[in-house]
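To start, the structure itself, in structure tokens.
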Amino acid sequence: MSQQVIIFDTTLRDGEQALQASLSVKEKLQIALALERMGVDVMEVGFPVSSPGDFESVQTIARQVKNSRVCALARCVEKDIDVAAESLKVAEAFRIHTFIATSPMHIATKLRSTLDEVIERAIYMVKRARNYTDDVEFSCEDAGRTPIADLARVVEAAINAGATTINIPDTVGYTMPFEFAGIISGLYERVPNIDKAIISVHTHDDLGLAVGNSLAAVHAGARQVEGAMNGIGERAGNCSLEEVIMAIKVRKDILNVHTAINHQEIWRTSQLVSQICNMPIPANKAIVGSSAFAHSSGIHQDGVLKNRENYEIMTPESIGLNQIQLNLTSRSGRAAVKHRMDEMGYKESEYNLDNLYDAFLKLADKKGQVFDYDLEALAFIGKQQEEPEHFRLDYFSVQSGSNDIATAAVKLACGEEVKAEAANGNGPVDAVYQAINRITDYNVELVKYSLTAKGHGKDALGQVDIVANYNGRRFHGVGLATDIVESSAKAMVHVLNNIWRAAEVEKELQRKAQHNENNKETV
């Protein structure tokens, strides 16, 4: 009988560390709800002690996610564990994940400590975490470079202290699959109480071996795999969860394990993470790349037409990729749009039908036919822009040519007031951005600009993603339109609204802090 492998997602913690701009609370919640829908068993959603923003994100997700166990990271430090517990206590059940380095190099040069002191600290902190929850995960940082005898000592002590999951990370992506499997097997041989905990693995892709190492560990007895959607993460990234999940499904014959994942949600979750994180998926990416199910060789095409199993070990439908694209027109009613969203697997809570239908009609008037990918793009943008807006693009006009200096005129609604400015620039997009900067006096510095076609043909929607720097912080913005100058302008307005909202949140936090201080003085 096959055993279950627990899927532990760290897209919102380890994965976010790869992003040029931090995600907002709303963006993190959107990803968390998608991960819950996909069926991940555990989701690590932040490092609460690191910032008030991370604390708020963890607390918000812990309050709303019900079907996945929410987890927060904490160093083996009292304050870390206490703050993690405080952020998670709104959940019915939660996990605290605490860690400390165990390799000789890390102990000597980073911690300036000894193995005995590390073990003593690990025991104390695991017990402290157990005061808050019966679900405690302990990680041996840099386990891949820790001598097996030392690693076994730490693991045995952590389990005796109450750790219910023991995580073995290949922190720097150093080990080979056969070597990593040997570490897991070695622990099963050396740790007498190992049956009292789940053995987990967390691999990095520095040598391109993250997925291979995780699967080798599963074959050797690990029963939890940690990773991120699309493999995002520090340096070369984390283990790609979608690849591990589908490998377990496709090669059940040799691994004899299974997951509780809803495979039909893989593709949509992957796309959402890509869009929100502004990290395009390479065409040749396994499982979710646009070429993953494409066949260009004549021999392959002939074989697939005769029997798909000749060259396909899984189907697009098995990951929720519906290749039949139906089109709607401006004559399609609200019910038709809702029906199509239902067929694509969207719940009404995931989008605002009124806003989506209004955007659909405007797009249908421009391009005639609206396809599935158009609807998904409109729903995504609508979700991003549901929060209150201080800035709104009222009007823009650009003039440019091969021998002319680009000029833009922009009207921007700023609260209740509409302001207008004109500016020149190095091209129409730059001219629009210069005009917007004049209106707001924010002096936003553009760090990254990317344009992605959503759909096919000359009338495809253009999605612009930008990262901008303001007062030492980076903010992400996204815009969508058939006109790339318009989508560029919308992306910058989205950035401005994110800056404004961040300032409002900061004011509210200061107000609460002052209120608490006043209450202390009264007492």
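For all residues, glycine too, the Cβ spot is worked out from N, Cα and C.
The shown structure was predicted, so the numbers you read here are calculated from the model rather than taken from an experiment.
Record check, Swiss-Prot: Mn(2+) site residues include H202, H204, N238, and the candidate from D14, D41, D404 also listed there is D14.
Within 10 Å of its Cβ, the residue among the binding-site residues H202, H204 with the fewest other Cβ atoms is H204. Sitting within 8 Å of the Cβ centre of D14, H202, H204, N238, and not among those site residues for Mn(2+), are the Cβ atoms of T10, P169, T171, T203, A210, E226, G227, A228, G233, E234, G237, C239. Assigned with DSSP, the residues of the region 'Regulatory domain' (392-523) fall into helix, strand and coil as follows: 52 helix, 59 strand, 21 coil. For the region 'Regulatory domain' (392-523), the predicted model reports an average pLDDT of 86. H204 (Mn(2+) binding site) falls within a strand segment according to DSSP. Local packing around the Cβ, expressed as the count of other Cβ atoms within 10 angstroms, is greatest for N238 among the binding-site residues D14, N238.
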